[in-house]
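Asks: Look at Swiss-Prot and you will find HIS84, HIS183 tagged as heme b b562 binding site. Residues annotated as heme b b566 binding site in Swiss-Prot, with similarity to another entry given as evidence: HIS98, HIS197. What Swiss-Prot records for HIS202 is ubiquinone binding site. Summarising the annotation, Swiss-Prot assigns transmembrane segment to 34-54, 78-99, 114-134, 179-199, 227-247, 289-309, 321-341, 348-368.
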Amino acid sequence: MSTNLRKTHPLAKIINNSFIDLPSPSNISAWWNFGSLLGTCLILQTITGIFLAMHYSPDISLAFSSVAHITRDVQYGWLIRNMHANGASLFFMCIYLHIGRGIYYGSYLYKETWNTGTTLLLLTMATAFVGYVLPWGQMSFWGATVITNLLSAIPYIGNTLVQWIWGGFSVDNATLTRFFTFHFLLPFTIMGLSMMHLLFLHETGSNNPTGLNSNTDKIPFHPYFSYKDLLGLILMLALLLTLTLFSPNLLGDPDNFTPANPLSTPPHIKPEWYFLFAYAILRSIPNKLGGVLALLLSILVLFLMPALHTSKQRTTQFRPLTQILFWSLIANLLVLTWIGGQPVENPFIIIGQMASILYFSILLILMPIAGVIENKMLS
């Protein structure tokens, strides 16, 4: 009797061990669907992105009109562009839910997987930022100007660094060209790192809702979880297509329908919705350098999660105190997202400052303390 090819062929064996015969915990819930959804998002974004790049011109005199040309004259160009723009929103929605699941169920204790994942988040944010500049609308231009300008807060080398990134003394043609280059390059870096992320995950196996060792109760990934993931995939694609076909500009900024004009500043400069929480933290500190550091720390705090875990239990499933803090953190992030989109005036300033303090307090102080208290209550 000959052995199954998928178990012997060098290439097929890798795929088999990663997606077919992979031993998976029998009790993982729908919260474990997001990894495959993110992979799908990445593939979808790459395909639509490549088709857009075929018709796009990274030049300040042509960029805006080339995007208009794509939506008007290219076969299904409107669909490709809207799927790419809204696909990014869906990508971040899945990322945030994936990270939230990781925090709730203590998945961050797989340090290598968690650290590669956090690095993936940073790379995805960088990709989304440079991509937002490409249509060369008002918000693209001013977003690029404001965010790159933050680097000038770095002592001594700040101004030189900003000019080096701009490729001149202002956001200009050189900036657009290099941003297009990075936007094309980074997704492939993300793909490579995603494979590393999976490699590290398969070294330990998946976590599960109980946080206990599940080696005694594993089932093959296919057909059980491949079909379960397929349901999540259909729901995600339904959401993406609904957004793309019925309300494609819902999450965009109206200012981006105006070509970039260095002589006119939009009344409210704000990023896409998925960056608003970090933008609110940045704005809540009156000092420029302090704001930049807080902005960085708001994401980099994820790297500290394994070190801040004080509880004897892995998941939050059986820890009521930490659960309250976790959901307070989620509510707080929603408040920050709302504040990020509001003008800099009272009462929004003080709400933003309070929410920023609470964000760091929950993650760095209250959650570790709650873990210690819960340990005491158990003993």
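Cβ from N, Cα, C; glycine included.
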Asks: How about the transmembrane segment (227-247) with the transmembrane segment (34-54) - do they touch, taking at least 3 C-beta pairs under 8 Å (6 or more apart in sequence) as contact?
Replies: yes
Asks: Same-chain residues six or more away whose CB lies under 8 A from the CB of HIS197 (heme b b566 binding site)?
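Replies: For HIS197 (heme b b566 binding site), the qualifying residues are THR113, THR116, GLY117, LEU120.
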Asks: Near the transmembrane segment (114-134), which same-chain residues lie under 8 Å Cβ to Cβ, leaving out any that are not at least 6 residues past its ends?
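Replies: Those are 56, 58, 63, 67, 88, 91-92, 95, 98-99, 102, 107-108, 140-141, 143-144, 147, 175-176, 179-180, 182-183, 186-187, 189-190, 193-194, 196-197, 200, 271-272, 274-275, 299-300, 302-303, 305-306, in sequence order.
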Asks: Where's the emptiest Cβ shell within 10 Å among the binding-site residues HIS84, HIS98, HIS202?
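Replies: Per-residue Cβ counts within 10 Å for the binding-site residues HIS84, HIS98, HIS202 bottom out at HIS202.
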Asks: Six or more residues beyond either end and a Cβ under 8 Å away: which residues meet both conditions relative to the transmembrane segment (179-199)?
Replies: 18, 38-39, 42, 45-46, 49, 53, 56, 58, 113, 116-117, 119-120, 123-124, 126-127, 130-131, 133-134, 144
Asks: Take the transmembrane segment (348-368) and find every residue of the same chain, 6 or more past its ends, with a Cβ under 8 Å from one of its Cβ atoms.
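Replies: Hits for the transmembrane segment (348-368): 280-281, 283-285, 294, 297-298, 301, 304-305, 308-310, 322, 325-326, 328-329, 332-333, 335-336, 339-340, 342.
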Asks: Given the binding-site residues HIS84, HIS98, HIS183, state which is nearest to the residue listed as 'ubiquinone binding site' when distance is taken between Cα atoms.
Replies: HIS98
Asks: Which number gives the other C-beta atoms within 10 angstroms of the C-beta of HIS183 (heme b b562 binding site), all protein chains shown included?
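Replies: Other Cβ atoms within 10 Å of HIS183 (heme b b562 binding site): 22.
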Asks: Quick one: Cα separation, HIS84 (heme b b562 binding site) versus HIS98 (heme b b566 binding site), in Å?
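Replies: Approximately 21 Å lies between the Cα of HIS84 (heme b b562 binding site) and that of HIS98 (heme b b566 binding site).
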